[in-house]
Amino acid sequence: MHWTPEHAQPLNQWPEQHLDVSSTTPSPAHKLELPPGGRQRCHYAWAHDDISALTASNLLKRYAEKYSGVLDSPYERPGLGSYGDAAFLNGAKADPEPWPGPEPPYPLASLHEGLPGAKPAGAGGSAGLGGSPVVAGNLTEPLYTGNACGGPSAATEYAAGYGGGYLASGYCAQTSAALAPPPPAALLQPAPPPGYGPSAPLYNYPAAGYAAQPGYGALPPPAAPPAPYLPSGLAAPTPLPAPAPAPPRPAPYGFPGAAEGVSLKRKAVDEGAEARYRKYAYEPAKAPAADGAAYPAADDAECRGNGFRAKPPGTTEDGTGKYGGGGSLKVLGSPAYAPQLEPFDKFAERVPAAHGGFAEPSGEPAKGVDPGTLELVSSKMVDCGPPVQWADVAGQGALKAALEEELLWPLLRPPACPGSARPPRTVLFFGPRGCGKALLGRCLATRLGATLLRLRGAGLATSGAVEGARLLQAAFAAARCRPPAVLLISELDALLPARDDGASLRAPLLTCLDGGCGARADGVLVVGTTSRPAALDEATRRRFALRFYVALPDGAARGQILQRALAQQGCVLSERELAALVQGTQGFSGGELGQLCQQAAAEAGLSGLQRPLSYKEVEAALAKVGPRAPPKELDSLVEWDKMYGSGH
């Protein structure tokens with residue numbers, strides 16, 4: 001039988017509507033005990049095709065209706081209403097005919113008498129089934145009526161879950177009045193031990209719960225089991241008091257002594273690795289020094305800008321107290337080009353080699369150079385501007401990556417490039433005017449933590465051949481005396497005229513490039529810039545190991561440059577206005593975009609006014625400022641890059 005939501009219908013219709021009789025192989029738990037004679041004859045006739053499947057189904061259905069009449073007994077259900085007498089006049093219950101068969105009907109009890117609330121429970125307590133309180137509430141006092149098998153008879157009142165189909169084969173259905181009823185449940189319980197009494201207290205825990213323990217103390221004791229689970233007559237043990245809260249744990253990150261040297265050493269290695277790679281990320285620009293000198297003179301006490309500090313000559317590193325003894329941890333990192341680096345206890349101090357990276361300076365003064373000229377170069381040519389990071393250069397993403405891979409990494413990490421015998425010491429930037437070639441040179445000096453010296457080729461050319469050669473030699477000598485150093489020579493094509501009439505600086509430049517960047521020039525990087533690379537002869541071109549083309553800024557870079565320049569004028573444009581400006585400034589260089597913003601501010605007369613710049617004023621200035629690089633010049637630069645450029 002299956003339970004369906006239509007249980008509110010008359011009970012005498014349940015077997016008729018919900019009894020599945022079409023199955024010929026039901027499970028033992030659900031098979032009905034139909035009369036064996038008629039059922040066997042029906043199955044025999046159906047198996048031999050004497051009757052059709054429809055006839056067999058009708059016969060089995062009639063047998064089921066006859067048999068289900070035994071289950072239709074009146075059932076009083078308090079609290080849910082009762083059924084009227086007319087509801088039981090129809091169906092199989094109103095059939096007074098006895099069941100025909102060779103065996104008498106089994107005296108089965110109604111299935112509804114075991115439901116909760118059908119009859120009041122007796123006061124005899126729990127009996128049988130282990131004294132379960134659930135079964136005891138549904139059984140009456142005369143529970144065990146004897147039978148021939150020594151167990152409860154089929155007429156015994158069970159709970160709702162127990163049906164006739166679930167009885168074991170050992171249970172007999174015949175009743176027997178000869179057996180006496182079993183003793184009450186109280187007599188079946190064992191006697192308690194002598195040390196226990198019913199007057200002992202049970203679990204007496206407060207109902208309000210436990211107070212919160214501070215910190216991470218011990219867990220509260222488990223809740224007491226309910227009374228029905230305790231055997232009657234056995235006293236529960238006295239509950240243990242709650243343990244005292246654990247003391248607060250000390251701070252997890254401290255600087256203990258030598259006992260935790262291993263963990264602190266591992267932490268120091270991790271910090272060194274993190275600081276080692278942080279230098280090559282695109283970080284924001286750092287604040288300049290208090291005295292305004294972003295690239296100070298290189299001495300033994302100054303930091304090189306890459307996380308290393310020089311060690312005084314003649315001193316040794318004290319290994320004790322490096323990781324223990326309460327001393328503070330030192331900043332660790334990989335070797336960089338700086339004099340007298342601090343040795344790491346895991347690696348020996350690197351000896352400068354002619355094929356490695358930037359080596360330590362000799363400390364000897366430059367020979368063959370006027371001291372006055374050297375002092376003039378040191379005071380006038382050293383760039384003291386703010387440091388420039390990669391984020392300050394708009395666009396040029398591929399060029400930045402190529403410089404990191406082909407120039408900065410070989411210079412700062414010589415062991416990481418075993419294939420190259422010597423890292424490059426010269427680089428040439430060529431491209432249209434105002435594209436940020438000098439800005440890239442300043443950024444290289446910042447990334448290397450080097451002193452920046454700047455020379456203008458046009459200024460050296462106008463000073464004459466003799467004076468220009470003297471200044472050029474003094475600049476290279478000053479760079480060798482102040483390693484690590486970056487010597488930036490802008491407008492390199494001005495030093496190399498088309499005709500070698502004796503007034504050019506080609507020969508002194510080649511001599512300085514060979515000597516200043518030769519085997520004795522460790523720690524010097526020469527950066528040249530030009531907008532006319534075709535003016536360089538083959539000898540000068542071969543002196544520069546790396547040659548990179550700095551193209552005009554793309555749309556995203558132009559938008560970034562315009563936003564920065566207009567923000568200085570107090571102008572904030574919408575996205576649509578900025579997109580219109582970016583589209584209208586195609587072919588502009590970075591310098592020309594800056595001139596556009598200055599022209600708009602000058603026309604608006606913002607020198608003494610507080611009114612911000614508007615889009616109309618910038619649009620009016622756009623009609624007067626345009627790109628200066630002709631397409632023919634751009635095509636020639638692209639062709640020269642294909643022939644002689646390093647590519648990126």
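Using the three backbone atoms N, Cα and C, a Cβ is placed for every residue, glycine included.
ATP is bound by GLY434, CYS435, GLY436, LYS437, ALA438, LEU439 in Swiss-Prot, and the record lists one more residue there from ALA391, ALA394, ALA485, which is ALA394. Secondary structure from DSSP puts GLY436 (ATP binding site) in coil.
Taking each of the binding-site residues ALA394, CYS435, ALA438, LEU439 in turn and counting other Cβ atoms within 10 Å of its Cβ gives the largest count for CYS435. Its Cβ taken as reference, LYS437 (ATP binding site) is surrounded by 22 other Cβ atoms within 10 Å in the chains shown. When the binding-site residues GLY434, GLY436 are compared by the number of other CB atoms within 10 angstroms of each CB, GLY434 has the fewest.
When every Cα pair among ALA394, GLY434, CYS435, GLY436, LYS437, ALA438, LEU439 is compared, the largest distance found for this ATP site is 13 Å.
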